[in-house]
Amino acid sequence: MARNKIALIGSGMIGGTLAHLAGLKELGDIVLFDIADGIPQGKGLDIAQSSPVEGFNANLTGASDYSAIEGADVCIVTAGVARKPGMSRDDLLGINLKVMEQVGAGIKKYAPNAFVICITNPLDAMVWALQKFSGLPKNMVVGMAGVLDSARFRLFLSQEFNVSVQDVTAFVLGGHGDTMVPLARYSTIGGIPLTDLVKMGWVTKERLEEIIQRTRDGGAEIVGLLKTGSAYYAPAASAIEMAESFLKDKKRVLPCAAHLTGQYGVKDMYVGVPTIIGAGGVERIIEVEFNKAEQEAFEKSVASVAGLCEACVAIAPSLK
Ligand SMILES: NC(=O)C1=CN([C@@H]2O[C@H](COP(=O)(O)OP(=O)(O)OC[C@H]3O[C@@H](n4cnc5c(N)ncnc54)[C@H](O)[C@@H]3O)[C@@H](O)[C@H]2O)C=CC1
Ligand SMILES: O=C([O-])CC(=O)C(=O)O
């Protein structure tokens, strides 16, 4: 059986890490693409030279021409710019929207059957625009954010409770911005909801709220430390988990920015919700019940994403 083909559109910090992880996991042959000629070729060659040491088999190539992504099974999009300290993700909208238009055209022409995972920020608006620019089926275009935000929440919880990260589950839904919605009721330690752990005296409500706020600020905390850009190891690992679920038809239950057609009362927008990802792309959207406070927080987050989509339409009226 021929190997899968994985196209990485954008070969910066996340793109390079994606290529390394996809190689180590033998997910398929990898094409790195970037407009900065030399970078994708150099990173591809460097990672390929690690393969005899690590013992993985994958062809890695770099390109600055979209024809190289022809027939890709998966495209992971990180093309664009990242924020620096003092900026919000939303400040990237104007410049990255133009990048999504080019990327969408390239995918439409050369990889119309691919499963597309968008990472570029501001995530929910960019994946929405990318789907429209590419014209690919909505279930085959998805945004990565919830897996990352939930991983951050899981790490902070495992540290707080001194338990293995493997025994912590978490759901962070809504938009990938300051209004994201970490759900304590649907996040667990060994299957026990955090709200029960508060009742059991394992953690106070106030301390849990601090951990939730640190999760919301997780991206900014790293931007503040790195100063030159944003997180890339955990974002890459998160997108690889989604790609693997598609390629191996694992049907993982993962929070992703998915196209909504009325679920959660939202229409024609991408927002973070629990999904099932398998060979059919986003195969199912899981609608959990919200209590009043959760509903209000989710609606606030959706309103913020809607504002960003409107800002996109103001720049690119064809998106309407
Ligand atoms: N969704 C999420 O959870 C996360 C999203 N991000 C976002 O991911 C994006 C990428 O982050 P990094 O890899 O750290 O940035 P980076 O700056 O290291 O890499 C971006 C790459 O895109 C390339 N590029 C720019 N315009 C292009 C175009 N028109 N066509 C093709 N390539 C183009 C650049 O040459 C550069 O190599 C940023 O927008 C960042 O905000 C970052 C972390 C998490
Ligand atoms: O914070 C940023 O700009 C990058 C990002 O989305 C994250 O790490 O969550």
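Using N, Cα and C of the backbone, Cβ positions are placed for all residues, glycine too.
All TrEMBL annotations are machine predictions without curation.
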(message) Suppose a student reads TrEMBL and sees GLY10, SER11, GLY12, MET13, ILE14, GLY15, ASN96, ILE119, THR120, ASN121 listed for NAD(+). Which of ASP34, ASP37, ASP73 should they find annotated at that same site?
(response) ASP34
(message) I'd like to verify something. Among the binding-site residues ASP34, ILE119, ARG152, which ones have a C-beta closer than 6 angstroms to some atom of ligand 1?
(response) ASP34, ILE119
(request) Please work out which residue of GLY10, GLY12 has the most C-beta neighbours within 10 angstroms of its C-beta, and give that one of the binding-site residues. (result) GLY10
(request) Please go through the binding-site residues ILE14, ASP34, ARG83, ARG89, ILE119, ASN121 one by one and keep those whose C-beta falls under 6 A from any atom of ligand 2; give the result in sequence order. (result) ARG83, ARG89, ASN121
(request) Note down the number of other Cβ atoms within 10 Å of the Cβ of ASP34 (NAD(+) binding site), including every protein chain shown. (result) 22
(message) DSSP on the domain 'Lactate/malate dehydrogenase N-terminal' (5-143): how many residues come out helix, how many strand, how many coil?
(response) 69 helix, 25 strand, 45 coil
(request) Filter the recorded positions GLY10, ILE14, ILE119, ASN121, HIS176 down to the ones within 10 angstroms of ARG89 (substrate binding site), Cα to Cα, kept in sequence order. (result) ASN121, HIS176
